[in-house]
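Following: one structure in C-alpha coordinates, then a few remarks.
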Amino acid sequence: MERRGRATEAFFGRRKGKALREQQAETLNSLLPAFLIDLSAAPPEPLTSLFPVPVTTLRLEIGFGGGEHLIHRALERPSTGFIGVEPFVNSMQKLLARAGQTGARNIRVYNDDATQLLDWLPDASLDQIDLLYPDPWPKRKHWKRRFVSKTNLDRFHRVLKPGGLFCFASDIDTYVNWTLLKCRDHSGFDWIADNAADWLTPYEGWPSTRYEAKARREGRSSAYLTFRKI
(Lines of atoms letter the chains of each structure in order from A; the text may use other names.)
(Lines give C-alpha, C1' and ligand atoms only; values in the text may rest on other atoms or scores of the structure.)
Protein backbone atom coordinates (compact mmCIF):
# COMPACT_ATOMS: atom_id res chain seq x y z
CA MET A 1 0.00 0.00 0.00
CA GLU A 2 1.27 3.46 -0.87
CA ARG A 3 2.53 5.44 2.11
CA ARG A 4 0.75 8.75 2.63
CA GLY A 5 2.70 11.95 2.89
CA ARG A 6 2.81 13.35 6.42
CA ALA A 7 2.10 16.82 5.05
CA THR A 8 -1.38 15.77 3.99
CA GLU A 9 -2.48 13.00 6.35
CA ALA A 10 -0.29 13.17 9.47
CA PHE A 11 -2.51 13.08 12.53
CA PHE A 12 0.21 12.03 14.95
CA GLY A 13 3.31 13.82 16.20
CA ARG A 14 6.67 12.27 16.98
CA ARG A 15 7.18 8.55 16.39
CA LYS A 16 9.89 7.83 18.94
CA GLY A 17 10.76 9.14 22.41
CA LYS A 18 13.50 7.81 24.66
CA ALA A 19 15.69 5.13 23.13
CA LEU A 20 14.43 1.66 24.00
CA ARG A 21 16.54 -0.35 26.40
CA GLU A 22 17.98 -3.55 25.01
CA GLN A 23 15.34 -5.75 26.62
CA GLN A 24 12.55 -3.45 25.44
CA ALA A 25 13.90 -3.55 21.88
CA GLU A 26 14.04 -7.34 22.05
CA THR A 27 10.42 -7.45 23.21
CA LEU A 28 9.34 -5.21 20.35
CA ASN A 29 11.30 -7.10 17.71
CA SER A 30 10.23 -10.53 18.91
CA LEU A 31 6.50 -9.84 19.38
CA LEU A 32 5.64 -7.28 16.71
CA PRO A 33 5.76 -9.69 13.73
CA ALA A 34 3.17 -11.96 15.35
CA PHE A 35 0.76 -9.10 16.11
CA LEU A 36 1.30 -6.79 13.12
CA ILE A 37 -1.31 -6.51 10.36
CA ASP A 38 0.19 -6.69 6.87
CA LEU A 39 -1.60 -4.20 4.64
CA SER A 40 0.20 -5.48 1.55
CA ALA A 41 -2.09 -8.52 1.66
CA ALA A 42 -5.82 -8.35 1.05
CA PRO A 43 -8.03 -8.42 4.16
CA PRO A 44 -8.90 -12.02 5.05
CA GLU A 45 -12.44 -13.28 4.70
CA PRO A 46 -13.87 -13.24 7.25
CA LEU A 47 -11.89 -10.45 8.89
CA THR A 48 -12.19 -12.24 12.23
CA SER A 49 -9.64 -14.76 10.92
CA LEU A 50 -6.95 -12.13 11.54
CA PHE A 51 -6.91 -13.48 15.07
CA PRO A 52 -5.53 -16.86 16.24
CA VAL A 53 -8.45 -17.29 18.64
CA PRO A 54 -12.19 -17.32 17.86
CA VAL A 55 -13.76 -13.85 17.99
CA THR A 56 -17.25 -12.75 17.05
CA THR A 57 -17.00 -8.94 17.12
CA LEU A 58 -14.31 -6.49 16.04
CA ARG A 59 -13.21 -3.25 17.65
CA LEU A 60 -10.63 -0.68 16.57
CA GLU A 61 -8.73 1.65 18.91
CA ILE A 62 -6.86 4.49 17.23
CA GLY A 63 -3.88 5.80 19.20
CA PHE A 64 -3.76 3.41 22.16
CA GLY A 65 -0.93 5.18 24.00
CA GLY A 66 0.47 2.97 26.76
CA GLY A 67 -2.07 0.28 25.92
CA GLU A 68 -3.78 0.22 29.34
CA HIS A 69 -7.28 0.54 27.90
CA LEU A 70 -6.72 -1.86 25.01
CA ILE A 71 -5.27 -4.62 27.20
CA HIS A 72 -8.01 -4.15 29.79
CA ARG A 73 -10.74 -4.46 27.17
CA ALA A 74 -9.07 -7.42 25.45
CA LEU A 75 -8.92 -9.37 28.72
CA GLU A 76 -12.43 -8.27 29.67
CA ARG A 77 -13.91 -9.37 26.32
CA PRO A 78 -12.05 -12.42 24.97
CA SER A 79 -14.65 -12.98 22.23
CA THR A 80 -13.92 -9.55 20.71
CA GLY A 81 -11.00 -9.03 18.37
CA PHE A 82 -9.19 -5.76 19.08
CA ILE A 83 -7.18 -3.87 16.47
CA GLY A 84 -4.92 -1.18 17.88
CA VAL A 85 -3.19 1.54 15.89
CA GLU A 86 -0.19 3.38 17.32
CA PRO A 87 2.74 4.84 15.34
CA PHE A 88 4.71 5.76 18.49
CA VAL A 89 7.41 3.09 18.94
CA ASN A 90 7.66 3.35 22.72
CA SER A 91 3.89 2.95 23.12
CA MET A 92 3.86 -0.06 20.81
CA GLN A 93 6.56 -1.69 22.92
CA LYS A 94 4.54 -1.16 26.10
CA LEU A 95 1.42 -2.66 24.56
CA LEU A 96 3.24 -5.71 23.24
CA ALA A 97 4.99 -6.26 26.57
CA ARG A 98 1.61 -6.20 28.33
CA ALA A 99 0.13 -8.56 25.74
CA GLY A 100 3.02 -10.95 26.30
CA GLN A 101 2.67 -10.79 30.07
CA THR A 102 -1.11 -11.29 30.10
CA GLY A 103 -1.34 -13.79 27.27
CA ALA A 104 -3.90 -11.68 25.40
CA ARG A 105 -4.21 -13.20 21.93
CA ASN A 106 -7.27 -11.32 20.66
CA ILE A 107 -5.16 -8.30 19.68
CA ARG A 108 -3.69 -7.19 16.37
CA VAL A 109 -1.80 -3.94 15.76
CA TYR A 110 -0.79 -1.51 13.06
CA ASN A 111 2.14 0.86 13.57
CA ASP A 112 1.57 3.64 11.04
CA ASP A 113 -1.10 6.10 9.91
CA ALA A 114 -4.55 4.90 10.95
CA THR A 115 -6.07 6.15 7.70
CA GLN A 116 -4.10 3.50 5.83
CA LEU A 117 -5.64 0.77 7.96
CA LEU A 118 -9.11 2.28 7.65
CA ASP A 119 -8.83 2.32 3.86
CA TRP A 120 -7.68 -1.33 3.92
CA LEU A 121 -10.57 -2.58 6.03
CA PRO A 122 -13.65 -4.00 4.28
CA ASP A 123 -17.00 -2.23 4.30
CA ALA A 124 -19.15 -2.79 7.41
CA SER A 125 -16.48 -4.85 9.15
CA LEU A 126 -16.21 -3.22 12.60
CA ASP A 127 -18.57 -3.12 15.55
CA GLN A 128 -16.89 -0.19 17.30
CA ILE A 129 -14.19 2.45 16.87
CA ASP A 130 -12.55 4.05 19.91
CA LEU A 131 -10.71 7.38 19.67
CA LEU A 132 -9.63 8.08 23.24
CA TYR A 133 -7.76 11.22 24.24
CA PRO A 134 -6.41 11.96 20.75
CA ASP A 135 -3.90 14.74 20.20
CA PRO A 136 -6.04 17.92 20.26
CA TRP A 137 -3.66 19.98 18.10
CA PRO A 138 -4.64 23.10 20.10
CA LYS A 139 -3.21 25.74 17.76
CA ARG A 140 -5.75 26.86 15.17
CA LYS A 141 -3.26 26.45 12.33
CA HIS A 142 -2.99 22.77 13.28
CA TRP A 143 -6.71 22.02 13.57
CA LYS A 144 -6.65 20.42 10.12
CA ARG A 145 -4.53 17.68 11.70
CA ARG A 146 -7.23 16.70 14.16
CA PHE A 147 -8.30 13.15 13.45
CA VAL A 148 -12.00 13.94 13.61
CA SER A 149 -12.83 15.36 10.19
CA LYS A 150 -15.47 14.83 7.54
CA THR A 151 -13.07 12.65 5.58
CA ASN A 152 -12.33 10.40 8.52
CA LEU A 153 -15.95 10.28 9.61
CA ASP A 154 -16.69 9.05 6.08
CA ARG A 155 -14.05 6.37 6.65
CA PHE A 156 -15.60 5.43 9.99
CA HIS A 157 -19.04 5.25 8.44
CA ARG A 158 -17.83 2.94 5.68
CA VAL A 159 -16.09 0.40 7.94
CA LEU A 160 -18.63 0.34 10.78
CA LYS A 161 -21.47 -2.13 10.67
CA PRO A 162 -25.02 -0.72 10.71
CA GLY A 163 -25.60 0.45 14.27
CA GLY A 164 -21.87 0.35 15.00
CA LEU A 165 -20.43 2.76 17.55
CA PHE A 166 -17.86 5.55 17.44
CA CYS A 167 -16.65 6.41 20.96
CA PHE A 168 -14.65 9.59 21.59
CA ALA A 169 -13.14 10.70 24.91
CA SER A 170 -11.23 13.90 25.58
CA ASP A 171 -10.44 16.36 28.36
CA ILE A 172 -10.02 19.25 25.91
CA ASP A 173 -13.29 21.21 25.66
CA THR A 174 -12.51 22.68 22.24
CA TYR A 175 -11.92 19.21 20.79
CA VAL A 176 -15.09 17.86 22.39
CA ASN A 177 -17.07 20.71 20.83
CA TRP A 178 -15.25 20.20 17.52
CA THR A 179 -16.23 16.52 17.49
CA LEU A 180 -19.86 17.24 18.34
CA LEU A 181 -20.07 19.76 15.50
CA LYS A 182 -18.36 17.50 12.97
CA CYS A 183 -20.63 14.58 13.83
CA ARG A 184 -23.70 16.82 13.85
CA ASP A 185 -22.86 17.97 10.34
CA HIS A 186 -22.27 14.40 9.17
CA SER A 187 -25.47 12.67 8.12
CA GLY A 188 -24.25 9.22 9.10
CA PHE A 189 -24.06 9.41 12.90
CA ASP A 190 -26.44 9.97 15.82
CA TRP A 191 -25.12 11.20 19.16
CA ILE A 192 -26.39 8.87 21.88
CA ALA A 193 -27.16 11.15 24.84
CA ASP A 194 -30.28 12.00 26.80
CA ASN A 195 -28.72 14.11 29.55
CA ALA A 196 -25.38 15.40 30.81
CA ALA A 197 -24.68 12.23 32.76
CA ASP A 198 -24.49 10.35 29.46
CA TRP A 199 -21.37 12.18 28.36
CA LEU A 200 -19.83 12.99 31.74
CA THR A 201 -19.89 9.40 32.99
CA PRO A 202 -17.05 7.11 31.85
CA TYR A 203 -17.93 4.18 29.63
CA GLU A 204 -18.99 0.98 31.37
CA GLY A 205 -15.95 -0.90 32.65
CA TRP A 206 -13.71 2.08 31.92
CA PRO A 207 -10.16 1.72 33.29
CA SER A 208 -8.58 5.04 34.21
CA THR A 209 -5.41 5.74 32.23
CA ARG A 210 -2.29 7.68 33.13
CA TYR A 211 -3.28 10.47 30.76
CA GLU A 212 -6.70 10.75 32.34
CA ALA A 213 -5.16 10.86 35.83
CA LYS A 214 -2.86 13.67 34.68
CA ALA A 215 -5.85 15.63 33.37
CA ARG A 216 -7.61 15.24 36.71
CA ARG A 217 -4.56 16.52 38.59
CA GLU A 218 -4.49 19.56 36.31
CA GLY A 219 -8.17 20.27 36.96
CA ARG A 220 -9.62 19.10 33.64
CA SER A 221 -12.71 16.89 33.43
CA SER A 222 -13.42 14.52 30.58
CA ALA A 223 -16.27 13.98 28.16
CA TYR A 224 -17.21 10.54 26.86
CA LEU A 225 -19.15 10.80 23.62
CA THR A 226 -20.86 7.93 21.82
CA PHE A 227 -22.18 8.10 18.27
CA ARG A 228 -24.12 5.40 16.43
CA LYS A 229 -23.87 4.78 12.70
CA ILE A 230 -27.19 5.32 10.95
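Each residue, glycine too, has its Cβ placed from N, Cα and C.
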Can you pick which of GLU61, GLU68, GLU76 Swiss-Prot lists for the same S-adenosyl-L-methionine site as GLU86, ASP113, ASP135? GLU61
Collapsed DSSP category at TYR211 (substrate binding site): helix
In whole Å, how far does the CA atom of LYS139 (substrate binding site) lie from that of ASP113 (S-adenosyl-L-methionine binding site)? 21
For ASP135 (S-adenosyl-L-methionine binding site), which of the binding-site residues ASP171, THR209, ARG210, GLU212 has the nearest Cα in space? ASP171
Binding-site residues compared (GLU86, ASP171, GLU212) - highest count of Cβ atoms within 10 Å: GLU86
